[in-house]
Amino acid sequence: MIWNFVKMHGAGNDFVVLDGVRQSLHVTPERARALADRHFGVGADQILLVENPSHPEADFRYRIFNADGSEVEHCGNGARCFVKFVHEQGLSHRNPLRAEISTGLLTLDSTPDGNVSVDMGPTHFDPKDVHFDTDGLESTTQGTDTLWLLPIPGHGNIALSLVAVSNPHAVQIVDDIDTAPVAQIGPIIESHPRFKQRVNAGFMQISDRHTIQLRVFERGVGETLACGTGACAAAVAGIRRGLLDSPVLVHTRGGPLGIAWDGQRVIMSGPAVTVFAGQIDIDALTEQLTTKDPLTP
Ligand SMILES: N[C@H](CCC[C@H](N)C(=O)O)C(=O)O
């Protein structure tokens, strides 16, 4: 079966975007992994599937699959690419658009400068909102935030802010973003048994009260050049810790994102870029990746 797709990115967080409105597509974990594969497939951090909505107030529904095939709640950078895709593909010219995701409705507003402003929805801070087991764990407070002290062998107790922006995030402050142990402890936190649905691990360096630098080891992907929900989570965590004031400029390795938080909902603004369009035989691709490695006896 031939699938049409568009390759896009938001601040370097890259996506394969699929039109499930005019094509009949069934995205399975295997197919998502195959499309995301950077050697045998198209290559992407996430796969975005645009569909007709089930919510009466939504223009479209969009679903998100990580590179490991897991379907997840939200994708901030993807939301900006979604609205550019819908407009460029002529699926709708409405602006702002209302997008239905698994946790509710988003409002997406394409601005004349080519950026997109996204109402990312509500923020939550209870450990249960990020499916975190606090049993027997020490915590402390900073400002209005609760920091959970997670022991990581060789790295002591890591003070984590827990923030749900639909997706689960665990944010820590580091002194130097360039030497932060993202590769060493990102995977440990991402798959730590206390996070029952895994977690996105954010590493934030504070530059001033309105500026941070951020790296995120994303759940189901690894370190990405940018993470939209991660930028929201880090900015909100810094504000709650009393270290930042809204709005916050978040410098990621893929470019800057603007975050504003009113204490309830978080608004993110940033770029969305179309790289190329293509077609792929999804069955041949998935078959290639699920057959045995020819080098293995
Ligand atoms: N890896 C995330 C999903 C993608 C989020 C990120 N790409 C964004 O822009 O928000 C998770 O499993 O929760």
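Cβ coordinates come from backbone N, Cα and C, glycine included.
Heads up, TrEMBL stuff is auto-annotated, nobody curated it.
Remember, predicted model here, so these are calculated numbers, not experimental data.
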According to TrEMBL, which candidate in Asn66, Asn95, Asn157 joins Asn13, Gln46, Gly76, Asn77, Asn167, Asn200, Glu218, Arg219, Gly228, Thr229 at the substrate site:
Asn66
Please state how far apart, in Å and to a whole number, the two most distant Cα atoms are among Asn13, Gln46, Asn66, Gly76, Asn77, Asn167, Asn200, Glu218, Arg219, Gly228, Thr229, the recorded substrate-binding residues.
16
Looking only at C-alpha atoms, tell me how far Asn13 (substrate binding site) is from Cys227 (active site, proton acceptor), rounded to the nearest Å.
7
Pop the Cα-Cα gap between Cys227 (active site, proton acceptor) and Arg219 (substrate binding site) into the table, whole Å please.
11
When you measure from the Cβ of Asn77 (substrate binding site), which residues in the chain that are at least 6 apart have a Cβ under 8 Å away?
His9, Gly10, Ala11, Asn13, Phe15, Ala226, Cys227, Gly228, Gly270, Ala272
Within 10 Å of the Cβ of Cys75 (active site, proton donor), how many other Cβ atoms can you find? Include all protein chains, please.
29
List the Cα distance (Å, whole number) between Thr229 (substrate binding site) and Cys75 (active site, proton donor).
6
